[in-house]
């Protein structure tokens, strides 16, 4: 009688490890710009903001064709880092006057906000899913499946991009209003952060929900409830997250500059309304 349990599972596991890209291989591909699929990366970014389920449907196809859930193309990480650096430079150009400090801000934002924090969150989700959320194998003949760390990092990157659009791009154009004093800026700032954080956790949930060997993935939706409960408390307490984070990197210079822009914007709006009223009369 042939053994069909431990050896069969070991063979499948080793095959999966061979097919999955190791972290050094993944890093080496970062410098090979010609081999990156830039068009497909921008397609993913667009659909992550409009129809994220389509992106994760393609993740299933990727698993079927390459026998791995994680991307083997680092283009998404590279382009996200470049876009984040450009957005941060825009903030520095508007609210900073020191080239050295601007370089520090760009490096710290890209490394801490995106890469280091993302690696930490991916590691936590990777450990959590493999330890507590995997389905029990019904029998010993079923190949044991585990969440790849690179896939957990991919999920973070996917979840981060729409949040980047809201909190770095939209926020940049709205910042003169959001950092002003008053209840309306506090309300708008907290609503923007609430939507961005909730959408991040929703995409995080979708990333693990698509894996057929995981169960109880609704756990990743729980932080949304915490965000929804916390937001009214922050609004009533007068906490403005936009002012807080702008002060962290640009101190009072950014706030005063934004207040000047806000007053100028109000005066321009009043001028437009006055002109419209004059033309009507």
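The chain as shown is numbered from 1 upward.
Note that Cβ sites are derived from N, Cα and C of the backbone, with glycine treated the same way.
Residues or ranges marked as region 'Disordered' in TrEMBL: 1-20.
For 75-95 (among others), the entry in TrEMBL reads transmembrane segment.
Annotation source TrEMBL lists transmembrane segment at 102-129 (among others).
According to TrEMBL, the feature transmembrane segment maps to 177-200 (among others).
Taking Cβ pairs closer than 8 Å, the transmembrane segment (220-239) reaches residues 125, 183, 186-187, 190-191, 193-194, 197-198, 201-202, 204-205, 208-209 in its own chain, all 6 or more past its ends. According to TrEMBL, the feature transmembrane segment maps to 220-239 (among others).
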Take the transmembrane segment (102-129) and find every residue of the same chain, 6 or more past its ends, with a Cβ under 8 Å from one of its Cβ atoms.
-> 80-81, 84-85, 88-89, 91-93, 96, 147-149, 152-153, 155-157, 160, 204, 208, 211, 214, 220, 249-250
